[in-house]
Structure formats: C-alpha cells, structure tokens
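According to TrEMBL, the protein has these features:
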type: BINDING; residues: GLY163, GLU164, SER165, GLY166, ALA167, GLY168, LYS169, THR170; note: ATP binding site
type: COILED; residues: 906-947; note: coiled coil
type: COILED; residues: 1124-1239; note: coiled coil
type: COILED; residues: 1295-1363; note: coiled coil
type: DOMAIN; residues: 69-754; note: domain 'Myosin motor'
type: DOMAIN; residues: 1479-1725; note: domain 'Dilute'
type: REGION; residues: 596-620; note: region 'Disordered'
type: REGION; residues: 634-656; note: region 'Actin-binding'
type: REGION; residues: 1069-1113; note: region 'Disordered'
type: REGION; residues: 1248-1270; note: region 'Disordered'
Amino acid sequence: MAAPELYSKFARVWIPDSTDVWRSAEITRDYKPGDGILHLQLEDESMFEFKLDTKSGVLPPLRNPDILVGENDLTALSYLHEPAVLHNLRVRFTDSKLIYTYCGIILVAINPYESLPIYGSDIINAYSGQNMGDMDPHIFAVSEEAYKQMARDEKNQSIIVSGESGAGKTVSAKYAMRYFATVSESSADASVEEKVLASNPIMEAMGNAKTTRNDNSSRFGKYIEIGFDRKHHIIGANMRTYLLEKSRVVFQANEERNYHIFYQLCACSHLPEFKNLKLGSADDFPYTNQGRSFSIEGVNDLKEMQATRKALSLLGITESFQMGLFQILSAILHLGNVEVKERGSSSCTISDDKGHLAVFCDLAEVSCDSMSHWLCHKKLKTATETLNKPVSRLEAVNGRDALAKHIYAKLFSWIVSQVNKALSTSSKAHSFIGVLDIYGFETFEVNSFEQFCINYANEKLQQQFNMHVFKLEQEEYMKEQIPWTLIDFYDNQPCINLIEAKLGLLDLLDEECTMPKGSDESWAQKLYNTHLKKSLHFEKPRMSNKAFIIVHFADKVEYQCDGFLEKNKDTVNEEQINVLKASKFGLLAELFQDEDSPTESSSLGSSGRPKFGRSTQSFKEHRKSVGLQFRNSLHLLMDTLNATTPHYVRCIKPNDLKAPFVMDPHRAVQQLRACGVLETIRISAAGFPSRWTYQEFFSRYRLLMKKKDYLTDRKLTCQSVLERLVQNKDKYQFGKTKIFFRAGQVAYLEKLRADKLRSACIHIQKTIRCWVARKKYLRLRQAAITLQKYTRGHQARSLCQNLRRTRAAVVFQKNARMWAARRQFLRQKTAAVLIQRLLRGYSARLRYNQLVCEHKALLIQRWVRGYLARWRYRRIKRAVLYLQCCVRRMLARRELKKLKIEARSVEHYKKLNVGMENKIMQLQRKLDEQHKENRELAEQMSVIESNSAAELEKLHIQFKTLQEVEEEARHRGDLVTSLREELEFVLNELENNKKMVTELNEKNTLLKSEKEELNRLIQEQQQMKEKEESTNQETTERLQAQLNEERFLYQNLLTEHLKLEERYTDLRTETESTDLSKSVHNRADSGYSSNQSESIHSSMNTGSEVSTLEKEEELQTAADVSLLLKLQKRVAELEKSSMELQREMDAKEEQAQLERAKELEDCRRVLGAEKDYEALKRQELESDNKKLKKDLQELRDSLSKGTGSKLTSPSGRAYNVLLEQLNSTSEELEVRKEEVLILRSQLVSQDPLKHKETGIEGDSSDSSRSPTLDLHELNEDGELWMAYESLKETNRMVVSQLQNQGKSHEKEVEALKAELQQLKAELEQQKQELSDSLELPHDAKIQASLQHEISRLTQQNMELLEQMGKQDKMIRKLKKHLKIYVKKFGEPEGVHIEQSSAENVVGESGRMVSIVRKEREFQGMLEYRREDESKLFKTLITELKPRGVAVNLVPGLPAFILFMCLRHADHSNDDQRVSNLLNSSINAIKNVLKGYAKHNSPRQNEHCLSNFDLSEYRQVLSDLTIQIYQQLIRVIENILQPMIAPAMLEQETIQGVMGVKPTGLRKRSSSFAEDTSHSLESILKQLDSFYFTMLQHGNDPEVVRQVVKQQFYIICSVTLNKLLLRKDMCSWSKGLQIRYNVCQLEEWLLDKELQGSGAREALEPLIQAAQLLQIKKKSKDDADAITTMCTSLTTLQIVKILSLYTPVNEFEERVSVSFIKSIQMLLKNREESSQLLMDAKIIFPVTFPFSPSSVALESIQIPSSLNLSFLIPV
C-alpha cells in the first residue's frame, strides 16, 4: 500500500505545535497526491487546515493505533518518529506512572521526583535470573543483562548512564551497583559489597552539590569497575573520576550550594571532637553562603555526616585520618574568610583582624608569616636572578581561591585513592562490569570551558553509541539472512576532529597557553582564522568577537572564550604549594608530596587509578594542560568502553520545577535529541523496525487468513498471507526465524485486523438482532392470538352474565323497595319518640340548673362580705402604725438637733472627743450619706403615698360595687348551697376516677418497666454472649497467631542457625583439606588420623565425635557470638515453654491413663463375672434382639398408619425417608455382622497355628505327666506313647480353640449389646422427636423433620466413615500379619526330636525320652558390632535411595531399624553406644540435607527404653525435622519456580482468546535461548509426583496438606509477582487465562481431597488479581466493587495492576487516571504492607502431629537388599 493512501478519512496525524511540540489531529477528508491542504479536526473538535509543501511532498507523521501506545519498547511502535516517541513516553510516565522505557538497546529513565517502591530486595530477586524482554523495563533488568552476558560470554561489560543535571544519573548508577552487590555475593570477603556501596555516600559528600536543577547533582564524572572472580562473585572495585568542578569550591550561583561535605561539617560544629576546628554556621563562611541556600528540604546534614563517617570507617579510613580530612576541609573554609586589603595600585596586604589566616595556618600547621607573604607576592624567575613581585588585590584574591581549589582537588584525589585502596584486591579480577556515571549534553545561556569539555565527551560517547547501534542492526540482518543495505546515520567524526585533531580547538588552546602574552581574545581570533568557513561544525556569532559556535550532534552551542586559558592552565602559586609541602600536618604533606610528578586526578582531568609516590615523571608532564589531560583520559575511557559490551541508560529530566510525574514536552524533546534516543529511532526506522517471529505473526493475524491459507509449515503460511495482504514486497522481508516490516506496516496490518474484527462484530450483531427481532415478532403474534381468543370468550361470558344480572336486578328492586318503605316508617316513628324524650329531659335540666345557680350565688355573697370586713380591718391597722412611726420620727429628729448643737461647742468636743477628728469626719460623711438616702426614701415614700391614694379611691369604688353585689348574692345564697353540694359530689366522683386512672397508669408503667427490664436483660445477655463469643474467638485467633508467629520466628532462627552451621562446616572442610597437604605428624598432633577424618566425614561414629562437636560449637560461637547468643536465648525460651507444655500434656496423659486403666479394671471385673452366665446372656441378647425387631416393626406400622392419611403432605415424605433410612440401617447392620463373622472365622483359622507355638511352650510343664516305665513296657516301640501325646496335643488345641471362640464370642456379644443399646437410645430419641414434631405447626413440623433428618444422616455418615477407616486399618494390619506368618511358617521349623537309646531310657527313670526345642522369640531389638556402625549409617541414611524405600520397603523402615538398635543399646545399658547412635544419626541426616507412647499397644509399651531418658534429644530431633521440611520446600520451590510463569501466564491454555501484541527489540535480544515451554499440565504432573511421593514415604496427611499449601503459595506469589512486573500480561484475556488455570488447580485439590488444607486460600491474591483484570473499570460503583472484592491485595498492587492494564484489542479501553485516583482515595485508610511484591521465600510454620505407629518391632523383616547382615536380631 502506497504511503499517501494511508492518509484517508479518520486517519490520525501529528502536527507541530508551539505549546505541546506535537498535537494530534484527525483527517476529515481523504488526501490526494497534489493537494496543498490537509483538512483536520483537532482533539477539541475544532477544524484546522494544515498547509502542505507540494514541492517536497512531506506529509505530517501518522499516529500509531491506540493499541500500540504505552509499549515497553519504543521500537515496537509501527510509526517511528519524534511525536510517537514523545507521546508513548508521556502516556507511560504521566498516566501509568512508569519511569522506565526501552528504546532498542537504550533504557530511557525519567526522573519521577518522588520515591517509588520499586527498588527493594524483592524487586531485585524478581529480576534476578530473568531475560531482559520478559520483564518490564527497569534499571535492574539492564544490570541483570550485563551480569548474564559477563557470565555467559566471559566478556567485560559497561553500563553508560548519562543525562543532564537533575535527570537521576547518580541514583541510577547507585541502584545498578546495589543490584550487583545483592545478586553476586563475594566468596572470600563478605564485606566487599558493603564497601562498594559505602563508596557512594563518600563520593556524594565530596563531589555532589545542590544546583538550581538538582538537589544532589554530581559535579564530576566517574567510572567504577566492579571486579568479579571466575565464580562471578565481587572481589573488588576501582574508580576513575573525570572533570571535577573546582570552581564550585569558591563560587556558587544563587540558590545553589557548595559541596555537601562543607555543610555537613558546619552542622557538626557543636560536637566535642569538632571544637578545635573552630567552625560555625554555614552563613559565616563566604565559600558556603554565596548561594544563600544553606539547607535542602528533607535532608539532615547532621545525619548525613554520620553516614559519611560510617562509610569512611567501613572503607578502613581510621578516625585519625578522618579528623585530618575534616581539618583540611575546615582550613579551606577559613582560607576563604581571609581578607585582602589593597595597598597602593599594584600591591596588597592581608588584614587578619578576625584571625582567619591564623586559624588556617594552625589547622594546616604551616608558617603564618610565609603564607601571608606569598598570598600577596609571587616569584619571578629570570636567567640570572629571582624576584619577589607584589600582586594586586584582585590577583591575590584569585590566588587565594586557586589555592583553595587546588587543595580540594588534591584532597578529592586522595579520597578516590583511599576508596580504590579499600576496594582493591590482591587477586586479579577475571572480569568486570563498569558503571559510567557521566554528565550529559549541556547548554546554558553562558557556556564556558566546563561545558566545552562535557559536550566534547558526549560527542565521543555518541560516536561510540552510533557505531554500536549500527553494528547490532547489521548483525541482526546478517543473522536472519536479510539483504543488507547501507543505512545512512549521523556521523559526528568531523565535529570530534574539529575539537581534538591537529590544529583543532584543544591544540590551538594549548598553543595559546604557551604564549607569553596569550589571551582569550587572541585564541578566539586564531579559531576564526583557522576554522571559520572551513568546517561545517564551526560558526562565529554575529554580535561577538570573543565567542564561537560548535554544531554538535544534539544542538548548536555558543561558547564564551572568557576564562578558557586560565582554566586550561590551572595555575597555582608554586611558593604557596611549597609552604604547604613544609607543613607539619602529615596528611596535608602527603597530598602534595607527588607535586613533582603528574597529578593523577586534577580538577578537570581524569583520576585514573591513583597510586601515590611515583616521582619519575618529568616536570614537563606536570605542566600538561587540563584539556590535554582530559583528552587523554577520555581516550582511555573510550578504549575501555570499546573493549566491553556497552549497555545504555539515558536519564531524562521531565520538568524544571521538580514536580512529580509532570512532563514538559519541550524539555523532554530537547533531551531526547541530545541523548541519542531519536537517533536510535531514526536508524531503526530506516531499515525494518518491526520484527515478528512466525509464531507471533500467526497468532496475531490468523483471523486474516482463509482456510486455504493454512499450511503445515507456519513460515509458508505467513508468506502466502503477507503476499496476499501487502502487494509491495519491499515493505517486508522474510528471515530465518522472523518477519521484518518497514515502518507503518504493522499499523496497516492492525487496521486490517481491526476492520476484520469490526465486520465480524457487525455480522454477529446483525444475526443476533435478526434472531431477536424474529423471536419478538413470533412472541407478539402468539400473544395477539391468545389475547383475541381470551377476549372473545370474555365477551360471550359477559353477555350471558349481563342477562342473568338483569333478571336478578328486577327481583332485587322489588324486595328492596318494600324493605325501604317499611324501614322509612319505622325510622320516623323512632325519631318522634326520641324527640319527645329529649325535650322533656332538656326542660328538667334547665330548671335544675337555675336552682343550682341561685344556691351558688348565696354562697359567693357570704364569702365576699367576710373578705371585705377583713380587708377594712387590716387597712385601719396599717394607718395607725404609720401615724405612730411619723410621730416617733419627729421626736427623734428634735433630739438629734439638740445633740448636734451640743456637739458643735469646742470645749465639749475637746472634752468628749479628744483626738477624734478623723472619726468625726467619717461620721459626718456617713451622716451626709444617710441624709441623702433619707431624701431618696422620702421621695419614694411620697410616690408610694400618691399611688396608695389612687388605689384607695379605686377600692372605694369597688367597695360600692361589692355592696351591690352582696345584696344580690344574699338572694342567691340558697341556690349556691345546693350547687355546692352537687359540686362536692361531682368532685368526689372525679377524684375517684382520677385515683383509678392513676392506679391503671401505675400498673401500665410498671408493666412497661418490667417489659423494658426484661428486654434489656435479654439484650444484655445476648450482647454478653456475643461479646464472650467474639472475645473467645479473638483470644483463640490471637493465641493461634502468636503460636504461628512463634513457630515462624523459631523456624527462621533455626534456618539461620543451620546456615551458620553449614558455613562453618564448609570452612572446616576447607581447613581440613588444607591440613591434609601437611605432614603426618601435624595431623597426629591435631588428634586426627586419616581414618578418623574419614569416619568423621562420613558418620562421626567414634567416641571422639562428642569432643569434635564441642570444638565445632566453640568455633561457631567464636565466629558469630552475637547471633548465637540470640539463638541460644531464643531456643532456651522456646525449650522452657515447650517443657512446660510437655509437663502439662504428660500430667493430662497420666491422668487419662489412670482413668483408662480404672475403666479397664472395671470392665475386666465385669467380664469375669459374666463369663459364668454366658449362655444366659446369649438368650437375653437374642430375646432383646427379637424385642428390638418387634419394636422396629411396630414403629414402622405406627408410622405407616399415622402417615397414611397424610401421604401428600411434606411430613409424610419425611417419614417415608425415615423408614427407608431405618431399613437401610438394619440392612447395613446385617452386612456388618456378616463381615465380623468372616473376620472371626479367619482369626479362628489362624489360632491353631498360634497354639502350636504356645503349646510347645508348655512342654516343660507337662514333663511330669510323661509316660512312666510301665507304659513303655506295654509298648517298647513307643507307638502307644506317641498316640497318647498326639491325643493330648489335639485336646489342647481343641480347648484353646474353644477358649478363643469364647473370648471372641464375648467380644462380639459386647459389641452387639452396645449396638443394641445405641439403637434403643436412637429409637427413644426418634420417638420423642416424632411426638414433639406432631405437636408443632405445619411449617415448623417440616423444618424440624428436615433438620432432624439432616443431623441424623450426617452423624450416621460420620460413624460409617469412622467404621470404614477402622476396618481399612484392620484389613491392612491383618494382611501384614498374614504375610509375616506365611513367611514364618514357610521356613523349616527348628523343632526336632532326639531319641535316646533304650539303655539310657531304661537306666534312668526320671529322664525325659525326647526334648522339644522352641524357636527363639524375637524381642524387637537388633545387635551390631562397633566396627559396623559406620556401615549401618552409610546404608540406612547416606546411600539410601528414597525411591527404593518408598516402593519396596515398609515406610519408615530405617527409623525402625535404628530404634531397634537403640533399644538393644538401652537393654545392654551402654550409654556410649546410645550417645553415638543419636549424635551420628543426626549428623548423617544433616550431611544428607546439605548435598510419645500415648496410643501404643501393650506390646509396644514393652518396647520402651528402660535405662535411658532421651527427652533431651526431643528438641534436637524436632529441629532436625523442621530442617528436613524446609529443605523439602526449597527443593520443591527450585523445581516449580521455572515452570510457573510459562505455564500460568505465557502458555495459551484457552485457544483463540489470547492476542499477541507487537514486541520490540528487547524481546528478540534476550540473553539466553527460550527454554522448553512449560504447560499447566506439566505443573499438575509435578504436583502429582510430589503428592504421591510423600504418600509412598508414609508422610502424615497433615504434613502433606501443609506442603501442598506451601506449593500453592509459591505458585501464587511467583505468578502475581510476574504479573506486577510485566505490562504485557495485564489484560482482560490474560485474566481469563489465569482464572482458568486457577480452576484447574482447584480441581486438582478436589481430586486429591485437599480442600481443607488452606491451599485454596493461598491462591486468593492471584484469584483477585485475575478478577481485577476482568472486572469493569469505569464508574464509582466499579471502584466500590473493586475495593470490596480485592481484600487480599494491597493498595500498591491494585494501583499497579490498574496502571499496567493494557488492551490487547481496540475494543478494550484503558483505565483512566481519575479512576485510579478514586481507587486510591477509597483505599487510603487501609492498613497494610507497603511492599509491592509478595515474598515468595516465606515458609509457613510447620506443625508435626503425633500419629501412633501400627508396626510391631518384632514383625519387621530387614530386606537382604540393604546388606545389613551384620545386624543380629535379639
């Protein structure tokens, strides 16, 4: 398809935009070649006309389909251009919160400016061992790729991390080194990784600073080589530094800081050890206060200083050297405070009023006068003499700053050398991985010498990158045998030649530096004359003669020439250096002792691999310029990189505001152009960027194929389809394993696929809609016919009904009218009588009311007249009192006046009141106040009198009216009295009614209160019950959780302890192997011979084993004392608690045994008494049985009669079910009886054999009854005696059989009696329940009967299951015994008869004729010799094959054999042998791992140890069992882990559902070839293998369930972790596949009856993740549903899955950012772990239940295949 044809209607393109750089638009009209305008519609639905250049024919770039947006690899995009790259990165960064993206061989890392939980140890473990394309992009994936290629190809690797300041280079390099330190532990020294990581805080403190773009910007470049040995363990490292920014020591721009170490020192100035440095705040020093930014948000300089000092100590730098380092740094700060004053025009002097120069000299331990002199002077050397010339103030200040910079550069070089010395190793590294953290391309408003060197380095790196990319593309094409055409790519060699070639910029700069009067202006003029208009990469600015422009690969950069010469020379006053060399401070003198040799790492040069002390270089080499040094070090770096396999990490700074997850398109595009990402895209787009394997192409586009296109060969199928779909053969190429497409062809195929799917969907919709419409039509037609039928019938019935109703209405009217007329008459008559009665009553009541009113009026008059008389009396009384008061007041005033006149006389005053002037004044004041109060009271009194007069007049008027009323009241007095009497009567009745009402109310309230009290009590009881239940449940859960936690912690501690033991054993074996090379007498001195060492290595069987164990414990304790003390303390606590629990358990067991023994004694006593009445009991049992059957028959008859009338009711059915159940129970009882009889007959048949043995035992006792001499005389041949003996033997056998039959019959009778009693109880219970249910209502009756049936059936089923289990166990036991007896009786018997001669028999009357010897009874013990002990353990433990044990031997046979050996050692009371057996067994089991009598039978109780108590070994054996279990889990995990991800995620278990999306370059360049793909069937087969193997080895079912739970947890955790780290796996179809796979695992659990093992719950996180992928993700209800459903997933996991969700087809939709935020808001209060991945290494705490063994020791047969013939049965 031609390119212009792609620009059709609805196609989307990118157009340039000033704001967003590129803007998306949709074509509204088809484009035709030659059109000058492209009609577009923007995303805001506005129309836009885009003008085209008809001459060039360039069209705007096409936009990729939405399904390709957000890919992990940019090369997977169909259209490869700048807007597609920018849009893909923006979608991944802002929407999906993904900071890493592949671009071919480049990892693009965008700084999120936010902490992300993607760098933990769990993430490192997840990426370890994985192919690069199998996981989402990550810095760990690049590190793993480098590590794998180093291990596979044995070739050195390099990781090149570049980017501008603030892009995150240092953090990326730090994480890469952390990854290497984690995945490759060193073999010799475990602290090497820590030292490598510890170098980071030191270098950050010395070389990083805050800038306007970054709070932790690296101001130097570094290349760290991490060395590995042949086992790929880290053995050391080496660091090279480049281009330290020395100028920052003396100058910082606004809002910037000096190096971190200075601010850390100032933050520690208050500490005692820093007092002598005389530091203060950072604001006190000009070298730290110029930027006015003294702190960094979120950074504590004091804590950072502690981390720096800790890292220095870890690298071996002592405290004295550290304080010396801080002393030099403090001296630099004080040097910056030295003030220089001008003295004249060309001289200056030091003003040290504040003593900073003295402090500097004291800290540097140099002469203050010399330093002061040479700061203001310089030495000029001529041919004949030397002159001291004073310098100006500006020159002196510049010289002071140059000295400070030089000291810091030397100190920085010393730090680098110390780091390298600490990281170095004596052994040579087999290979290394280099991490290059270097500055990216920089361009500022003012660019100087530093930016020139940085951009020069980036030009070299870009050239190397272009060549590497070109080489990889060529190798890929040649590998696939694709015709190779030369791809044109940007070659920046001319730009590099401009800088470094002969007469280049650096060469001219060095030449100008050697000129006596060289200047920046003259150097610029030389540049113009040499390169202007001669080189395409050199230009001159229009408005400047002191600047030049270089056209770099990324952009044009204008450099200002000011300062180039000075920075290139890097001159320092030599006399100042000499003063420092003469310092008494050892560290400072060491810094400058190699001043005569070339500096290894100057401020702008390389630090190489510093080794101080080399002084063989010439003085000329010391004067190398900075540019020359940097060029040489850059060439060395390029040689190193070219000799390695490079891996590229390009860091992008998304914005300048440091806002999290915000991308500025302009800044992003600028950096993408500068770091080579777009160049990679351009090179890929020039060839065949899209590459598919044939299988991937077939899986994705098979729906475009027709049936005839399907061939057996997939390659031929794909070729035929492509030739039909794409006519232009230049658009694709067929390789050996892949199909190569040009840019845009995948988008075209996706369009064809989407069109095909769309047409298929339309066809399906059409068919379904037709079917639905026809179905609806048929339904409507049928409904219409039905309606018509029913309507017509209804009309006919209505007509008939109308006729009947008309006739009935006439009859109703006749009778109704007659009834109405009669009713009207009766109603009128009743009304007349009622009116008469009411009128007469009304008139009577009126008369009565009149009489009552008259009586009441008389009563009122009487009371009113009495009230008036009393009122007049009180009024007169008040008036009299008032007159008395007035008279008395008048008399008192007169008396007072007299007293005042007397008081005014002086003589009287003096006589009476001498010295009382003050008191008089006070009294006078009081008197005046009282006068004032009196006046106020008088005024009030007058007001009251006026008011009272008015009231009095009113009262007179009222009095007259009352008199009139009184006269009227007299007439009505009689009426009032009668009314009063009537009122009293009514009041009495009212009071009585009120009393009754109050009583009723009281009763009601009392009842209510009682009801409320009862309700409250009921509620309280319910609450208390619920609370107790919840408390009990919480307590149980808490105790269970604590127990599990204790088990988990203990088992983890045990695992660590075992690891330490293994490590110690390894070290000991290495030591022993080295000792073996020594002489013989050395081995003899150590107490070990060669034989002893072999025995210790194999089984540790001799007596010296105990001493060696003690030595091992001492060495191990010395190796790691702290950890062992913790372990011992923890073990002691656990042992104490376990001993307490054991004591409690033993006490309970003893009590239970005593009770059981008592019950057995009672049973035996009863049985002994019942033996005499056996026949009577049988008759009673038979009669009881008949009676029970009769009762059963009666019950059936009564039930059938009682339910005969209710056959249709539900209860009748329940009763029938009950009858059927009773019948089945009786039948089953008969079957059980028959089985018991069969088993009894088998036992009886075996009794004669047993009796034959037991009968022989009684021979000795029967010897007294041997035939006498007379009997022999009767028959000399002995035939009669033999017949007699045989008859006796027969009688004994018959008697024993009868006894055994009697015992078995007694047992059977007891069992039948118990069964009869149980049946009787059940019948009584059923009768009672039936009688109760008959009294219940109908519904309750049904429910009760059903509930009863369910409970009865459940109980019966449980009993039957228990009986079946017991019978199965009995059958297995009997089979074993039968096999043993068959073997035993098959052997020749050892019974023989010795006949004596006749003479001896006749001569000795008391002597036996023959002796019958019995076979020796086996007591269940085995004897062995000490020299066979090692062979025993070797056979039973070390070399025993598990498969043979499981198939051919009794489960646990080696344990039984060892226990029988232990019993013999106990029987012989040999403590040394017991100790050797236990310790050697434990050690042998440990070596293999490295590469109670509660339910016993009486016979087993006899086999208990009698002389030794081995309870101390119980904990040791328990720990050993836990170790075995954990080793088993690790083996299972190692087998399952590589199978899980391919089977659960990658395999297409449901054909046709999965869709393969386009993949990028990373999927093709995986480190290793794809392993054979595992399927779900392989996992199920492996689970079957594990399950049956455990069963064959006789493992307890509970242990098997725990192992299965652990297996399913491993499957869940590994699958979920892969899902969280793989964006291509998060889709709807993948969720469907996971759910299907989980269902298969659940069916496996059902098949193995392991539902209750907890394995299903272990899969819950994976099930919820699959449901999350499939659930709808749009509305708020969907968010609520997700939060409710995903309870086993953390918030981080839910958000991660939603962010990674990727549609496979265009019909799916992505999850919006707003929806993800709503999920986060709903889950913000959830308390959970902050870890993203599940810990797949967790091993659940295991519990081992006690299960008694049914194996008798005396019945064990040792197979000859074990070669244990040296064991002697005892």
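Here the Cβ of each residue, glycine as well, is placed from N, Cα and C on the backbone.
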One finds that other Cβ atoms within 10 Å of the Cβ of THR170 (ATP binding site) number exactly 23
At a 10 Å cut-off from the C-beta of SER165 (ATP binding site), count the other C-beta atoms across all protein chains.
19
The DSSP breakdown of the region 'Actin-binding' (634-656) into helix, strand and coil residues is 9 helix, 8 strand, 6 coil
What same-chain residues, at least 6 away in sequence, bring their CB to under 8 Å of the CB of ALA167 (ATP binding site)?
ALA109, ASN111, GLY440, CYS651, ILE652, LYS653, GLN671
Hey, for the ATP site built from GLY163, GLU164, SER165, GLY166, ALA167, GLY168, LYS169, THR170, who else sits with CB inside 8 A of the CB center?
ASN111, ASN214, SER217, SER218, GLY440, CYS651, LYS653
Have a look at the binding-site residues (GLY163, GLY166, GLY168) and report the one with the fewest Cβ neighbours inside 10 Å.
GLY166
Which residue, out of the binding-site residues GLU164, LYS169, shows the minimum number of other Cβ atoms inside 10 Å of its Cβ in this structure?
GLU164
